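Q: The structure's right below; bear with me while I get my questions together.
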Amino acid sequence: MIRAMTTPAAVIVDATAYAQAVEDAAHAAAAYYAGGSSPLDDDAYDRLARGIAAWEAEHPDEVLPDSPTGKVAGGAAEGDVPHTVPMLSLDNVFSPEEFTVWTASLARRIDREVTRFSVGPKLDGLAVAARYREGRLTRLITRGDGTAGEDVSHAIGTVEGLPGTLAEPVTVEVRGEILMTTAQFEHANEVRIRHGGQPFANPRNAAAGTLRAKERAYTVPMTFFGYGLLALPGTDAALAGRLEELPYSELMETAAGLGVHTSAGTAVPDVVVGTPEQVVARVQEIAALRAELPFGIDGIVVKADLAADRRAAGSGSRAPRWAIAYKLPAVEKITRLLEVEWNVGRTGIIAPRGVLEPVVIEGSTITYATLHNPADITRRGLRLGDHVMVHRAGDVIPRIEAPVAHLRTGEEQPIVFPEACPRCGSDIDTSEERWRCAQGRNCHLVASLAYAAGRDQLDIEGLGTTRVVQLVEAGLVADLADLFLLRREQLLALERMGETSTDNLLAALARAKEQPLSRVLCALGVRGTGRSMSRRIARYFATMDHIRAADAEAMQRVDGIGVEKAPSVVAEIAELAPLIDRLAAAGVNMTEPGATPPRPADTDGADGATAEAPGDGGPLAGMKVVVTGAMTGNLERLSRNEMNELIERAGGRSSSSVSKNTSLVVAGEGAGSKRAKAEQLGVRLATPEEFAVLVAGLLS
């Protein structure tokens, strides 16, 4: 289910408050549509606009001319190129209940039920009109105030998806959105920073600024998605008549046939459904995929598909009556950066974290956001006290995109970087973007040991953080190998360690020695690897000796390890050699059950390969499997890591994301976006019970 909007209408108590609200909304809209930045985020603006509309409904004789409720785009900056047909805005709904009210109103207006709705993504970009004369793109115009827009034809040639020449020599106007994809936005900020500029706050801000820039020393790409096709003066009469009569869905097929980029090639194409209930279901499907899309959406657009229904409904001065925007909760909000905390990870990495003025995004209160590293802070020009744009989509960790520079008051303060490790006071290695304590793992011994003892690593029951601290402070443990050298009398001498606790811990340590190599490797905390990568390395090389003997070229043969990562993994393993030797001497297992070591490289230099790929012949041989949701039945007690281990023992490969290459998605209770994407792509789905039957031979 998609979350309901969490921002109700602003409460306006009198005419003075109403006038101030109109002024604030007009100022925000003008800034937003002129340059893509605004003192209000989307939720705050929607809340203000709804409050204005509610006050005007009760005081219809006191409506001010600057009110956003009567203006296209809330009062955007005007241009001097008139539109042949007004470019209107869309009215909004925020819940299934409001959508039901809108469909009932539409049915009353046209005196019949709508039987075909077109449902597609509401792209978070800038609306433009592209005019083609005899198939050639001659002019590009912004929406402006809806009646006239700004000529931005200088941007022709920099917008992907907007062809310079159509597939047929027709005279038409194509309407759509210009935006930046996530990749284009990241590239644009890199280029902008290299040229001495402040980073853009978000992709829409970047697209708006780039589209209007006429004299800039650099160019960055943008992307166009078409959503309209109409006749111009000079269009062939037969074609003009056909465009008037086509259903909206066929109009978009015609545009795509001319070479125009539409939503059809995305994971969220426009689809036609027959009932309001099916519309809401499609809204939920698109909302579930939102976090994984390579471009921003802020809602779903629902249109009456048939031309007859659109004509009968007509349009108001601000918006068509046959279309509505079903708004989704904002994934970006503006809040203040109050402080920066510096945390030390288990490998000694010193990571900054932004402390925020609490802000609600997608139903969750966000008080912290990642800042990546000191170089990223410098690139973005962040200061304490800054208003910042915070982004969070789905389960992604919230991140600070950029400062909202025009809201600065002059009281903001520089962010002070640490001169010594905030954990142990040692020197800091600043030779790479990610700063690291010079003591490395020793700085964070307690965290490293607690991590190694965790359920998904060595699974040492009874060895939590409190017990690890006790062992370290007693001088009994200085590294992971020391755990396996502990003697009964040493443990009995500790406070709160009786005979039962001691015997249980020693038994858990004995069991940990028998864990597969993949878990031992994961427990070592090799930088650049995690649970999944540790399994791949262990199953490829089969023994720790083969891993230690591998050079960077051999390491690259492991799926997912590229040219850049391989040398660092090899170097890390070499650095850990003394610890690995001590673990082996203590009796810790150094082999991966069921795995076969790779054959040596041929004498002519050919790559070595495994004699038999791990798991060949298993029930999941050659399959890429994704697990999502809560497991039930025989799988209920398995952690996600244990599920992934099971998949790989069965010959498959575990993955965290769904794509066209996914073979199977195991969807448990509460499965959300991954299940929706699997259905969208036609990927095979299985319940936990069905999957348990499939791998029954491997379940203990």
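One is the number of the first residue shown, and numbering goes on along the chain from there.
Placement of Cβ uses the backbone N, Cα and C atoms for every residue, glycine included.
Here Swiss-Prot flags LYS122 as active site, N6-AMP-lysine intermediate, drawing on sequence analysis. Feature annotation from Swiss-Prot assigns NAD(+) binding site to ASP42, ASP43, ALA44, TYR45, ASP46, SER89, LEU90, ARG143, GLU177, LYS303, LYS327. The annotation Zn(2+) binding site is assigned in Swiss-Prot to CYS421, CYS424, CYS437, CYS443 on the grounds of sequence analysis. According to Swiss-Prot, the domain 'BRCT' annotation covers 615-700, on the basis of sequence analysis. Annotated region 'Disordered' per Swiss-Prot: 590-621, in sequence order.
Explain the structural surroundings of these features, please.
A: When secondary structure is read from DSSP and collapsed to three states, LYS122 (active site, N6-AMP-lysine intermediate) falls in the strand class. Spatially close to LYS122 (active site, N6-AMP-lysine intermediate) yet at least six residues away along the chain are LEU90, ILE297, ASP298, GLY299, ILE300, VAL301, ALA325, TYR326, LYS327, judged by Cβ distances under 8 angstroms.
Around GLU177 (NAD(+) binding site), the same-chain residues at least 6 positions away in sequence with a Cβ under 8 Å from its Cβ are LEU123, ASP124, GLY125, LEU126, ALA127, VAL128, PHE224, PHE225, TYR227.
According to DSSP, CYS424 (Zn(2+) binding site) is assigned to coil rather than to any helix or strand.
Per DSSP, the secondary structure of the domain 'BRCT' (615-700) breaks down as 32 helix, 17 strand, 37 coil.
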Q: Mean pLDDT, the domain 'BRCT' (615-700)?
A: 88
Q: Measuring Cα to Cα, how far is CYS437 (Zn(2+) binding site) from ASP46 (NAD(+) binding site) in Å?
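A: A Cα-Cα distance of 46 Å.
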Q: Counting other CB atoms within 10 A of each CB, which of the binding-site residues LEU90, CYS424, CYS437, CYS443 comes out lowest?
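A: Comparing Cβ neighbours within 10 Å for the binding-site residues LEU90, CYS424, CYS437, CYS443, CYS424 has the fewest.
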Q: If I take the alpha carbons of ASP46 (NAD(+) binding site) and CYS421 (Zn(2+) binding site), what is the distance between them in whole Å?
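A: Here the two Cα atoms are 45 Å apart.
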